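See below for the structure under consideration.
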């Protein structure tokens, strides 16, 4: 959808998943830290399956929104010797590949004894690459600011595709996972930024899309967005660490208390048995 909602919708999807990853991966990392066996528990596998289902649901919602809005193509690709709403079709194609990625996530953890390890990462990398590929040819013959604000997103997309591809070999690498998370959060916030710049809501004045100062500001703004994404990842990582440390200390305190009660009970029993003998 070539409007504000058409950019806010995917931006919200990517932002939700990115925020979830910024909590999930630190939890997973600290849980497995120090353990010899990195195999996922049943509960963790269930979470991965649910995440795949949610990704697939987001993709279906996105496709339906692109196709069946009032001015959408309604599944018509070619009509009366001309293409029908190709921009909506490009967005639908992007959602389609992320839906396939969600399905592969579910298949990977439902049939882990059959599916080769790393195939879920391959499909996710492919989905991100396809998104970047579509965006590269999405803005030809557009005003300079429109082209520039979309092209900036390509750096994050292709960077994420390379990072996810490395995860096929270096699976469960916390650095790569957090890097991918930061780029996904960046992608989510930047979709919102594109919507505000190209389709200003609430009756705000439109941006001059040929003004070089606007292009310079948007470039700087992209860097700020990524800094915010990194801060979000760092803050959530720290919060997860503090939370788990507190839970661990409380659990250790309870264990020490139980052991102390047991030792006191044993000592009292010994005293009683000694007095009985006397």
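The backbone N, Cα and C atoms fix where each Cβ goes, and this holds for glycine too.
Note on Swiss-Prot: of 74-94, 95-115, the range annotated with the feature transmembrane segment is 95-115. Of the given residue ranges 149-169, 254-274, Swiss-Prot assigns the label transmembrane segment to 149-169. Contact check: the transmembrane segment (95-115) against the transmembrane segment (149-169) gives fewer than three Cβ pairs closer than 8 Å, residues 6 or more apart, which falls short of the contact criterion.
When each of 7-27, 49-69, 117-137, 149-169, 215-235 is scored by its Cβ pairs under 8 Å to the transmembrane segment (183-203), the top-ranked stretch turns out to be 7-27.
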